[in-house]
Amino acid sequence: MAKDQLQVLNALDVAKTQLYHFTAIVIAGMGFFTDAYDLFCISLVTKLLGRIYYHRDGALKPGSLPPNVSAAVNGVAFCGTLAGQLFFGWLGDKMGRKKVYGMTLMMMVICSIASGLSFGHTPKSVMTTLCFFRFWLGFGIGGDYPLSATIMSEYANKKTRGAFIAAVFAMQGFGILAGGMVAIIVSAAFKGAFPAPTYQDGPLASTVSQADFVWRIILMFGAIPAAMTYYWRMKMPETARYTALVAKNLKQAANDMSKVLQVDIEEEQEKVENVSQNTGNEFGLFSKEFLRRHGLHLLGTASTWFLLDIAFYSQNLFQKDIFSAIGWIPPAQTMNALEEVYKIARAQTLIALCSTVPGYWFTVFFIDKIGRFAIQLMGFFFMTVFMFALAIPYHHWTLKDNRIGFVIMYSLTFFFANFGPNATTFVVPAEIFPARLRSTCHGISAAAGKAGAMIGAFGFLYAAQPTDPKKTDAGYPAGIGVRNSLIVLGCVNFLGMVFTFLVPESKGKSLEEMSRENEGEEESGTEMKNSGRTVPV
């Protein structure tokens, strides 16, 4: 085994922060900007889709998507994302990060456009093709998770690695914000150009025919930022850690990083030959050695991401109903179709601006100072506290005089999700696993998260319905209500706090130190049993 750190890897670990690091953040981050835009913009237009395609003459309320259609439209992208995270995570370790990176982005561009062009005019044909293309859109988005995280972690220095990876993920906040802003602009423009009465004044006339263009434009806009960064992604060299430790081509790794870091790096081919000859670190994902070294770590990263996404995605998907309950969004029958899109988008934009975006960047600034573990534990703790604080006196918060307080408390749960586990669950899996399994393990952890997101997306469409069958949305059975849903989410967040104790702290350590790729099998038995700490050898 190579007893000394390879110079090319050491150069990466100690490199000063420079322009290339920020370029990599922007290139990788624009993918996440698009991911968030595409995943969350659908919640802005589901009400509009119901009005356009499921209008019923004589109904007291505007048309709405049937429960099975709504669940499919909201959740199918998550199904695709889960599959993409597993597939592209594995492929990124087999073929290299760079080769796979362009595939995911091009798939996102094509499917964003196609989802807005959904063929046909009947409700069945439009919803079927929309779901089909959103599945494959999600498949491309899924690949972006492990690849962006792995590439950024393998480029970064160990002093600011957490901030760099978190900054890539923080672009999600801007993607959510952009989704709301695009919806506001498009709906306002169409609302001004094509005036319409409210639903109660003119049910059929309240949804102008031009409204069909609104949801298509909003969905298709996601292709623009992804297409803009495709060229720069293709110009990025393969990461030195993959080239040196997995492809075993140190000459290429040294050449690539010499250009990137603008320093001279020796080839050290003898060390790579030693690495190649060592068998102690060649264990596979399903081996006993992986289970012994990293089994609890993978359980920790997967379980915390799973629990976080149950809470995080359920909030985003039924927040428009919460805003209705507290009066931010008037009853649907008092608005026309475009006005409803505008007010839902405005509410989401305000939440993103006040809590979602700041939360991400608090993580960026503090993650390398106070550590991943502390931020994740703190985030889950405060999410639990605020969920219960909203749920237990729920009736109090829905009174007109207390509505602003409700929104502030609700915003704080978003703030501590993002200044907390929503960022750290993305960062840590890219740091603690061996290079040849890093993308795969990140993909597994992320896929567990999307399984949680599907529970949130599908489950809470039903769970958040009122307990009185007469007050539910059309086609839905009675649920447990918003209050009880918030109590369940509080319990989920508490479990996330418990499982956080399985995740090791990686602040200030090199990737090889965390994954123990500098150790032989015989040297590793007594280390990292509890905290993931090791001594470089």
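Using N, Cα and C of the backbone, Cβ positions are placed for all residues, glycine too.
Listed in TrEMBL:
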type	residues	note
TRANSMEM	20-49	transmembrane segment
DOMAIN	24-508	domain 'Major facilitator superfamily (MFS) profile'
TRANSMEM	69-88	transmembrane segment
TRANSMEM	100-119	transmembrane segment
TRANSMEM	163-190	transmembrane segment
TRANSMEM	213-232	transmembrane segment
COILED	251-278	coiled coil
TRANSMEM	350-367	transmembrane segment
TRANSMEM	373-392	transmembrane segment
TRANSMEM	404-423	transmembrane segment
TRANSMEM	443-464	transmembrane segment
TRANSMEM	485-504	transmembrane segment
COMPBIAS	508-518	compositional bias 'Basic and acidic residues'
REGION	508-537	region 'Disordered'
Report summary line: Top stretch by Cβ pairs under 8 Å to the transmembrane segment (213-232) (candidates 69-88, 163-190, 404-423) is 163-190
**Report entry** Interface check, the transmembrane segment (163-190) with the transmembrane segment (443-464), three or more C-beta pairs under 8 A
**Finding:** no
Report task. Would you mind listing the long-range same-chain contacts of the transmembrane segment (443-464), meaning Cβ under 8 Å and 6+ residues beyond its ends? Result -> 67, 70-71, 74-75, 78-79, 81-83, 85-90, 92, 142, 145-146, 298, 301-303, 305-315, 317-318, 321, 425-426, 429, 476-477, 479-482, 484-485, 488
**Report entry** Intrachain neighbours beyond the transmembrane segment (69-88), with Cβ under 8 angstroms and 6 or more residues off its ends
**Finding:** 38-39, 42-43, 46, 49-50, 54, 100, 103-104, 123, 127, 130-131, 134-143, 145-147, 313, 317, 439, 443-444, 446-447, 450-451, 453-454, 457-458, 461
**Report entry** Rounded mean pLDDT for the residues that make up the coiled coil (251-278)
**Finding:** 64
